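Peer 1: Take this structure, written in structure tokens, and hold onto it; I'll ask about it next.
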């Protein structure tokens, strides 16, 4: 036995010596080959021996070793290189004075062992392991759009990850919510495969299968590709995806929009919600106040009950029912009370208030609500706040205080909830004209629109003293505007126009004087004349030129009187001093011609109305008699 072992050892040693002596490349025992790393498309620099080697590289043969079979690809003779026919014929070149063989346009097929063998001064060889790398493209991920039921008995496909054109095959890692997933029996299964492209690059496909639970409905899944380059380790991540997860509902409830206090007129939506996916079939019921039974309401296609506009009758108790069509399980929500706040129609007493001028009037406002109400009274014409509270008291009524008053009933606790009611106060009185008289400058053959406005209670009617086409417009319940379309004729210029407003309590007039404007061209035309503006209203009328103010005449006459008085005083002074001969001895007498009266009278007249003659009063402040017609006599005596 011992002899057999010795014989075997001897024969093995002899065989090794023979192989070394034969000089066959790749057969002798060699140290680990030198590692050279390069990316696809780059250039590999193959050095024949370590950088510190002092060997003679004048005669070198280069071999590629594929499946342990060396093939001569390049030969160096006396420092000159020669490519051998084959796959490397056009990609090889010498660098660094023949010490380095450069292999260009690296492909994945170039990953193998290259061997260089020197011939002189003695046979020596050097092995190089070429490693090729290529980063994969960005990984793509495709989620299972159909979804996964939590009732599945085995793992279902969650998503598929694909990484294309990498070398070597990258490693894939799956993540859920940022945490790596590992194989877990009956829970998580990762199935990966790769395809070799014609270029030698790899396409990796990895499928993640898992059993999901309800809590995974919002889980984020993604894949990560890990790969190596000459520069080190790298990774690329896909986007995150969420897979639909189906699970039965355990609870349903009601939701009302908008949130907060509701009021009449709002658009209210009542919807059912559930914690299941897909949601169950919903129905909404409301309690009948008479029978106390729940009655199903009509909803839209999405199962939403829309109340538009919401009314107080919509207040009540609602509940939701959910039916899971897969498990036929029926669920019911808690009952929820809906309150629609309201204000009833506002009522004012009296509904059609009437009162005599100078008397008092009380207006009372009434309304109902499920909340506390505040009342306010506003003047309709101006919007001015008159009173807070349901009662408005009007004292010593004047004609101007007739018209609209608005009561506002609002709920402070519910913003925007209010109702209003307008009431018109009528003050009894004969017609009240906007203007008593005015003058209008016209041209002959002009078609005029003359207007006349009056107010009163009962509402007056208006008539004209001239022929024409008249129309009436209601300004408010107690006011009327009449417009007369008339042609200006010589007769009309002479008589003018008069409108008469009358009701059961009296009548009143407005006189319009027409004056011919000679500066205007003649011809048929149309113009509109509106009444003068009242003190408390507005008008679009352009005012016409008025005659010269009579006050100027009064001032002129007064100045003349003062001048005459001063002149009389001077004459009297000279008479007393004897400077004037007035019948005394030695003096010539100057006599005035006889006059019918022994007094000098200055007469001043005014066409002002009696109420405008306050300036022409006596020295004692007494006013003239009503029948004075504006005349005043001032007696200047000697």
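Cβ from N, Cα, C; glycine included.
Curation does not apply to TrEMBL; its annotations are automatic.
Per TrEMBL, the features are:
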type     : residues : note
COMPBIAS : 524-539  : compositional bias 'Polar residues'
COMPBIAS : 621-638  : compositional bias 'Basic and acidic residues'
DOMAIN   : 139-242  : domain 'Ig-like'
DOMAIN   : 244-332  : domain 'Ig-like'
DOMAIN   : 344-424  : domain 'Ig-like'
DOMAIN   : 431-510  : domain 'Ig-like'
REGION   : 524-545  : region 'Disordered'
REGION   : 612-638  : region 'Disordered'
SIGNAL   : 1-23     : signal peptide
TRANSMEM : 552-575  : transmembrane segment
Peer 1: For the domain 'Ig-like' (431-510), what's the model's average pLDDT?
Peer 2: 88
Peer 1: What does the DSSP secondary structure composition of the domain 'Ig-like' (344-424) look like, as residue counts for helix, strand and coil?
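Peer 2: Counting residues per DSSP class in the domain 'Ig-like' (344-424), I get 3 helix, 42 strand, 36 coil.
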Peer 1: With DSSP as the reference, give the number of residues of the domain 'Ig-like' (431-510) in helix, strand and coil.
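Peer 2: When I sort the residues of the domain 'Ig-like' (431-510) into the three classes, I find 6 helix, 54 strand, 20 coil.
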Peer 1: Please spell out the DSSP helix, strand and coil residue counts for the domain 'Ig-like' (139-242).
Peer 2: 5 helix, 61 strand, 38 coil
Peer 1: DSSP-wise, what's the residue breakdown of the domain 'Ig-like' (244-332) into helix, strand and coil?
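Peer 2: Secondary-structure breakdown of the domain 'Ig-like' (244-332): 3 helix, 43 strand, 43 coil.
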